[in-house]
Amino acid sequence: MHGSLLKLALLSFSLASSAAVLPRDTGRTSAPSGCSTVGTSGDYSTIGDALTALGSSTADACIYIAAGTYEEQLVINYAGHLTLYGETTDTQTYKQNTVTITHTISSPEAGSLDNSATVNIKSDLVSVYNINIANGYGSGAQAVALVANADQLGFYACQFTGYQDTLYAKAGHQYYINSRIEGAVDYIFGDASAWFENCDIVSNGAGYITAMSRETTSDTAWYAIDHCNIKAASGVDLTGDVYLGRPWRVLARVIYQYSVLPDIINAKGWHSMADGATPLYYEFNNTGAGSDTSDREYLSTIDAPVAKETVLGDDYKNWVDSSY
């Protein structure tokens, strides 16, 4: 009798454990409960209209976006916790994303970096799932895909595409996981404290991946690139043509840890930009043909990886989605 009960308990535990991991590769092809919808048969035909309809409410809100390419330029400034969901057959990867928000304008044309952004997030507590954000301008000028200028922002299995200044991680605490970021020149830049985990960071031209703008010793911001894959865009030969970063401001602070650095990374690793800069650039336990640090410039030593708490704050588990 006791043996039968034990077997039943073990079976129940096994089933429960299996059920816990099954949702990790499930799709999202219909709106979660309570979400407004965007699409040809949705509540709204544009994402902008759905955002406008939120008004001045402070309640938690969510918007589900059906498959499609949306030619829009969006400013998100909502007083409550807002979640944007893109339609997908696999929530854990950007590779099955079906929703793209795109706009094409350069910073000189728009009048500022922020005004060139396809999506500009100004409000705290925004979570974005399975959405591609692109600025189609290409080379020749700065042209931002995303401005992330708020606190406690999370991006899950998203894509950000541009050429120069793709992702403006401007301020606040930010979390990027299972995502893809593409560009050539300074394509992750700003002064946010941002954690990038299990991301594909893709160079489509010669240049610099990061341009961090920390400039005071009291500024706690980091860029932490953790367990990421650095690579060249398909069909582009960039051997030795890509630097891990250069300082937009004098005390830039960036670490690459447990990441794959291929032969596109220049042996010097890092580059200069801001006059008088004394950046804090670190590398820890990386692999790949570009991970040899013997010829590095501007590299500081570090004895341990940087922790999420250091980058995102001790309370990060309260706002980061732990299912990723």
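Even glycines carry a Cβ here, placed using N, Cα and C.
Residues annotated as signal peptide in Swiss-Prot: 1-19.
Listed in sequence order, Ser106, Ser107, Pro108, Leu113, Ser116, Gln164, Asp165 are the same-chain residues six or more apart from Gln142 (substrate binding site) with CB atoms under 8 A from its CB. Marked as substrate binding site by Swiss-Prot on the basis of similarity to another entry: Gln142, Arg246, Trp248.
Over all protein chains present, the Cβ of Gln164 (site 'Transition state stabilizer') has 25 other Cβ atoms lying within 10 Å. Look at Swiss-Prot and you will find Gln164 tagged as site 'Transition state stabilizer'.
Positions annotated as active site, proton donor by Swiss-Prot, on the basis of sequence analysis: Asp165.
Asp186 (active site, nucleophile) falls within a strand segment according to DSSP. Per Swiss-Prot, active site, nucleophile is recorded for Asp186, and the stated evidence type is sequence analysis.
Cβ contacts within 10 Å of Asn285 (N-linked glycosylation site), excluding its own Cβ and spanning all protein chains shown: 11. Sequence annotations record features per position, and here Swiss-Prot assigns N-linked glycosylation site to Asn285 based on sequence analysis.
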Cβ-centroid neighbourhood (8 Å) of the substrate site, Gln142, Arg246, Trp248 excluded: Asp165, Val185, Asp186, Phe189, Tyr208, Ala211, Ser213, Met273
Largest tally of Cβ atoms lying within 10 Å of a Cβ, found at which of the active-site residues Asp165, Asp186: Asp165
Just to verify a number: CA distance, Asn285 (N-linked glycosylation site) to Arg246 (substrate binding site), in angstrom, no decimals. 21
Of all C-alpha pairs drawn from the substrate-binding set Gln142, Arg246, Trp248, the farthest apart lie at a distance in Å of 16
CB neighbours within 10 A of Trp248 (substrate binding site), counting all protein chains shown, number 21
Can you tell me how far the Cα of Asp186 (active site, nucleophile) sits from the Cα of Trp248 (substrate binding site), in Å? 9
Near Arg246 (substrate binding site), how many other Cβ atoms are within 10 Å of its Cβ? 25
